[in-house]
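Features as listed in TrEMBL:
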type	residues	note
BINDING	B:Cys51, B:Cys54, B:Cys57, B:Cys106	[4Fe-4S] cluster 1 binding site
BINDING	B:Cys61, B:Cys96, B:Cys99, B:Cys102	[4Fe-4S] cluster 2 binding site
DOMAIN	B:41-71	domain '4Fe-4S ferredoxin-type'
DOMAIN	B:87-116	domain '4Fe-4S ferredoxin-type'
Amino acid sequence: MSLSPEKTDARPVPEGYVRLTIDGLEVDAPKGEILIRTCERLGIIVPRFCDHPLLDPAGACRQCLVEVEMGGRLMPKPQASCTMTVADGMVVKTQHTSPVADKAQQGVMEMLLINHPLDCPICDKGGECPLQNQAMSNGRTDSRFVDPKRTFPKPLPISTQVLLDRERCILCQRCTRFSEQIAGDPFIDLLERGADQQIGVAADKPFQSYFSGNTIQICPVGALTSAAYRFRARPFDLVSTPGVCEHCASGCEQRNDTRRGTVMRRLAGNDPEVNEEWTCDKGRFAFRYLTSKERIVRPMVRGADGRLAETSWTNGLRVAAEGLLAARSSGGIGVLPGGRLTVEDAYAYAKFARVAAHTNDIDFRARPHSGEELDFLAAHVVGTGPEILDYTRLEAAPAVLCVAFEPEEESPIVFLRLRKAARKHGQKVFHLGQWTTPAVRRTATSTGVASPAARDNLIRAVPGAEAAVLAELAETAPHVIEALTGGGVILVGERAAEVPGLYSAVAALAQRTGAAVGWVPRRAGDRGALEAGAVPTLLPGGRPVTDAAARAEIERAWGLAAGTIPATPGRDTDDILGAAAMGELAALVVGGVDPDDLADPAAARSALREAGFLVSIELHASAVTEVADVVLPVAPDAQRAGSYLNWEGRRREFGVALDASGVLPDCRVLDTLAVEMDVDLFTQTPAAAAGDLARLGRFAGTAPPGPAAQPARTRTPAYGQAVLATWRQLVDESSLAIDEPALAGTARPAQVRVNAATAERLGLTEGLLATVRTERGSITLPVAAADLPDGVVWLPANSAGSRVRVALGVGHGELVGVSAAGGAAGAADGNGDTA
Amino acid sequence: MFDFFKGFGVTFSTMFRKVVTEEYPEDFPPAAPRYHGRHQLNRHPDGLEKCVGCELCAWACPADAIYVEGGDNTEEERYSPGERYGAIYQINYLRCIGCGLCIEACPTRSLTMTNFYELADDNRQDLIYTKEQLLAPLLPGMEAPPHPMRLGEDEQDYYVLGPQLARASAAGEQVANDPVGEQVR
């Protein structure tokens, strides 16, 4: 007997579609669609565990069995709907209409539950568990299994962060498929066979992935848990608030789950246009800084005895305002907001600098920077948005070139998109860098982990010579130019500022190939601060300071007298600090700036010490608050609303997740401080600040010309020297990842990397210690081989035992001495001594 | 006139009935065997706490009288077998209605109810019982945590054979089972 009902729909089947019947309903589905998705679109939910829309089909759990009839013939057994593509004339009966499918599903569920412990009441997943839910909806009420269940010692640490309870696992392979397909670091895999089959890790290789937290989130049972959240709360304890990740410029949507006034965990939100369903481990696990003991909760003023003492807001603001007013008339005020601000806060800083401090001396860049960078940002970045370049366009591009940008370390979600594009449609991802990093290898078009063809996508450059390499690309690597022409994308990172001429070379290459340019800073606030005008050369909305009409427009909008805003560009971060040290600037207002992030930490620290009057607007006790005259505390992200602009220029709004009584956002603090200085910023709340900024609109005039800097000469290492290449790793000593030992345990090891020839020349042995030194200090770390150019040494910029700028005082592209540290006594502690 | 004698008749006849008045507090009559009195947090035979800080009692409580915060056991500092223990445990007897749902919810039989019923005080603070007040007293052979799991070679031994092993070790040391221990069992 045929299951086919009478054909009822006479419409022709559209091109590229097939017509099938599910539970008696006729439906047109695009060719190649998986049956379970077609059911979903009809509102028919077939139970499943292994199926995930972003992972390749596996058919591992067999829970989604349905009855299928093809060409009038019933298939002999129920079929897994998550692996079967739709076909014309197919007739499908799910558990709703077919007793056979229903019985098959119940049988599978009974099998899955044979070894699954009945510890739902004390399991973290209980309450949000697909197995629990579907056992209730599609399982039998009783089990016929009477023997003892299989047990394992629990838990198995997959890494310091991810713990595995193997007896709960139903072997759906979501985690292993995620690691292999999405992240590309398959350290977690199926071991053993038959009844002993289990998930595990290679004994000598820990599950060291920046994306391991996603496996916890997609685990359909409570088998994978995180050390940070395990047994801390249950889903029904938690209050969930949508949020946005503050750790990098990717702009991931997140979910903050809070309980009893603290954030218990953070999950990736589902935003298909940005982070899909993923987020990196730093974004997921680094949130304890919110409740750190180092948090400043009360304003502090330095008394006559030279000590900071807690005081009232009224007094703190009065002292700050008096000091700033005195400084304004006796030299001027420099403003360093830092790169972690929301757009609203950055706008408050920008307006504060112009309206209250009467200066353009404001620079958000708390990192090595250059004037060329400002020109580049003004010409190519400010005012752009997702309509020009976004994740979708990035994914669809035939070729992408990453310049001074290590996607996995500096913007992990961009990396996942690049990897997805390379894997799914053969996007060519080129990296202008020094060595075949894990990200370079995993964005190679071939999905193989270590294929020799992978090296094709690395354009090797000696540090400092990147600009010259880009300029000569047409001769040395014409295939890159060819690939970029016609819809290519160039992603340039903030580290380009460390290489003179690189931004100019990028702009030139973009012009030549017609490629879109994306600027991907490392910090979440950089892009927004640029747009909000926290820059010495730009006013809010990308208006050049030197443009009289633009200045007049802003003065009108802010209700200022004509000519209040200085017509000359202000100083940048280094110059502001230099001027403060020399006494040219009488006061500094400093936000979240860590002097150790700047090009010369020692000089920055001494400048802060010597600044006449220092107001620190900070979250935690820091190197700045140590020497500040007034410290004003501000609210962290969880206790405030606001928005970030991610690297696309997309506005990412978030609301208050935790009780925010008693803490104020930066914009409110600055507004009140300005009122004490007798001006009004109208940024009392983030909403007010956002409205004020939106009313200004964008600059309507022509953008200034781009940068035209010449590449610098590369340095040639002498005997015993090498050129330093360095960038930051995702999980390192960053200040927002404090108090997270489990996360820190998943950091990549800090190693000195050289190639074999250089190692031989410098007398280094792989695995033994090497010392990298300058006259300022040294760093001693184990040596690891990498395919760097000759005479180049690589160090992680801010990892444990390798804080390059602090210890060595130099950066990317400069010369360092390298030697084996075998005999050197006391040099093996791994910490750079700054003596 | 007849009603007058009828009224005194009731009084008179009652004088010969059995008295139901309890002479409390001079006399201290025991409650029914399954009376829902003050809670107790029980211990394993070696003195480790049974509570694993799972908070199911707090979830089961219809009066929201229980507050639990779990903590992590470490190898150096172990309060209960397994990964977690109840670091903070409070029962608010101003709220507790003695329904016993908490002890039904407890997955380790850590929380039980005793026959103790003198739960009155003259201030609110003292009626919030903390973990120290609720924990069962240490019996002979028990050791105050933190300490490692003492009974048996592995977890299987500890949970399945724990009481036997404890008795065996007590017998081995020629210590007679004391009446208090017998009563608790």
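The backbone N, Cα and C atoms fix where each Cβ goes, and this holds for glycine too.
Where TrEMBL records a feature, it is marked here on the structure.
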residue: B:Cys51; record: [4Fe-4S] cluster 1 binding site; DSSP (3 states): coil
residue: B:Cys57; record: [4Fe-4S] cluster 1 binding site; DSSP (3 states): helix
residue: B:Cys96; record: [4Fe-4S] cluster 2 binding site; DSSP (3 states): coil
residue: B:Cys102; record: [4Fe-4S] cluster 2 binding site; DSSP (3 states): helix
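Between the C-alpha atoms of B:Cys96 ([4Fe-4S] cluster 2 binding site) and B:Cys51 ([4Fe-4S] cluster 1 binding site), the distance comes to 19 Å.
Proximity to chain A, taken as a Cβ less than 8 Å from one of its Cβ atoms, holds for B:Cys54 among the binding-site residues B:Cys51, B:Cys54, B:Cys61, B:Cys102. Neighbour counts were taken at the CB atom with a 10 A radius for the binding-site residues B:Cys51, B:Cys54; the maximum falls on B:Cys51.
Here the C-alpha separation of B:Cys61 ([4Fe-4S] cluster 2 binding site) and B:Cys106 ([4Fe-4S] cluster 1 binding site) works out to 11 Å.
Spatially close to B:Cys106 ([4Fe-4S] cluster 1 binding site) yet at least six residues away along the chain are B:Leu56, B:Cys57, B:Thr112, judged by Cβ distances under 8 angstroms. Straight-line distance linking the Cα atoms of B:Cys99 ([4Fe-4S] cluster 2 binding site) and B:Cys51 ([4Fe-4S] cluster 1 binding site), rounded to a whole number, equals 20 Å. In this structure, the C-alpha atom of B:Cys102 ([4Fe-4S] cluster 2 binding site) lies 12 angstrom from that of B:Cys54 ([4Fe-4S] cluster 1 binding site). Residue environment of B:Cys99 ([4Fe-4S] cluster 2 binding site) contains 14 other Cβ atoms, counted within 10 Å of its Cβ in all protein chains.
If you draw a 10 Å sphere around the CB of B:Cys57 ([4Fe-4S] cluster 1 binding site), it holds 26 other CB atoms from the protein chains shown.
Working note on the binding-site residues B:Cys61, B:Cys96, B:Cys102: by count of other C-beta atoms within 10 Å of each C-beta, B:Cys102 ranks first. Highlighted in sequence order, B:Cys57, B:Ala60, B:Pro62, B:Ala63, B:Ala65, B:Ile66, B:Ile91, B:Ile97, B:Gly98, B:Gly100, B:Leu101 have their Cβ within 8 Å of the centre of the Cβ atoms of B:Cys61, B:Cys96, B:Cys99, B:Cys102, the residues recorded for [4Fe-4S] cluster 2, and are not part of that set. Taking the centroid of the Cβ atoms of B:Cys51, B:Cys54, B:Cys57, B:Cys106 as the [4Fe-4S] cluster 1 site, the other same-chain residues with Cβ within 8 Å of it are B:Val52, B:Gly53, B:Glu55, B:Leu56, B:Val68, B:Gly86, B:Cys102, B:Ala105, B:Pro107, B:Thr108, B:Ser110, B:Leu111.
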